[in-house]
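Features as listed in Swiss-Prot:
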ACT_SITE  His12  active site, proton acceptor
ACT_SITE  His120  active site, proton donor
BINDING   Lys7, Arg10, Lys42, Pro43, Val44, Asn45, Thr46, Lys67, Arg86  substrate binding site
DISULFID  Cys27-Cys85  disulfide bond
DISULFID  Cys41-Cys96  disulfide bond
DISULFID  Cys59-Cys111  disulfide bond
DISULFID  Cys66-Cys73  disulfide bond
CARBOHYD  Asn35  N-linked glycosylation site
Amino acid sequence: KESSAEKFLRQHVDSIDSPGNLSPTYCNQMMLRRNMTKGSCKPVNTFVHEPLKDIKAVCFQENVTCKNGNSNCYKSHASLHITDCRTISSSKYPDCAYKTSQEQKHIIVACEGDPFVPVHYDASV
């Protein structure tokens, strides 16, 4: 079974594709490739284009409260290269269609475990 940490990697980490070179169809391709269009179209998802070590390091940066009230969220000191994928209104499962938006924002992730690693993407600010 996929662990929470593995799920985070699959859903949110894309260290290979460099921002600025992404095509408008990036989200359509990646959401499909990373299994986020199985059974339904995941409405919103964010990919982070930074080295994995830099994403994991966020777990040791600024401690903030998560959206659900938990206290195990951490905000990145720096703004990171991210891509937001959002379903477009005309999109209908199984033909999931996404708008690709490239941004530079601080990320907030929930971390847990030993080693202490990201397990949930909480927000971009």
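Cβ from N, Cα, C; glycine included.
Features as recorded by Swiss-Prot, highlighted on the structure.
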residue	record	Cβ within 10 Å
Lys7	substrate binding site	14
His12	active site, proton acceptor	19
Cys27	disulfide bond	25
Cys41	disulfide bond	19
Lys42	substrate binding site	18
Val44	substrate binding site	10
Cys59	disulfide bond	20
Cys85	disulfide bond	21
Cys96	disulfide bond	21
His120	active site, proton donor	20
Widest Cα span across the substrate binders Lys7, Arg10, Lys42, Pro43, Val44, Asn45, Thr46, Lys67, Arg86, in Å? 22
Return the residues near Asn35 (N-linked glycosylation site), defined as same-chain residues 6+ apart in sequence whose C-beta is under 8 angstroms from its C-beta, sorted by sequence, else 'none'. Arg10
List the residues of the same chain that sit at least 6 positions away from Cys73 (disulfide bond) in sequence and have their Cβ under 8 Å from its Cβ, in sequence order, or write 'none'. Asn63, Val64, Thr65, Cys66, Ile108, Val109, Ala110, Cys111, Asp122
List the Cα distance (Å, whole number) between Cys96 (disulfide bond) and Thr46 (substrate binding site). 16
Is any of the recorded positions Cys27, Thr46, His120 within 10 Å of the residue listed as 'active site, proton acceptor' (Cα-Cα), and if so, which, in sequence order? Thr46, His120
Nonlocal residues around Thr46 (substrate binding site), in sequence order (Cβ under 8 Å, 6 or more apart): His12, Ile82, Thr83, Asp84, Cys85, Ile107, Tyr121, Ser124
Within 10 Å of Cys27 (disulfide bond) (Cα-Cα), which of the recorded positions Lys7, Lys42, Arg86, His120? Arg86
Excluding its own, the Cβ atoms lying within 10 Å of the Cβ of Cys111 (disulfide bond) add up to 21
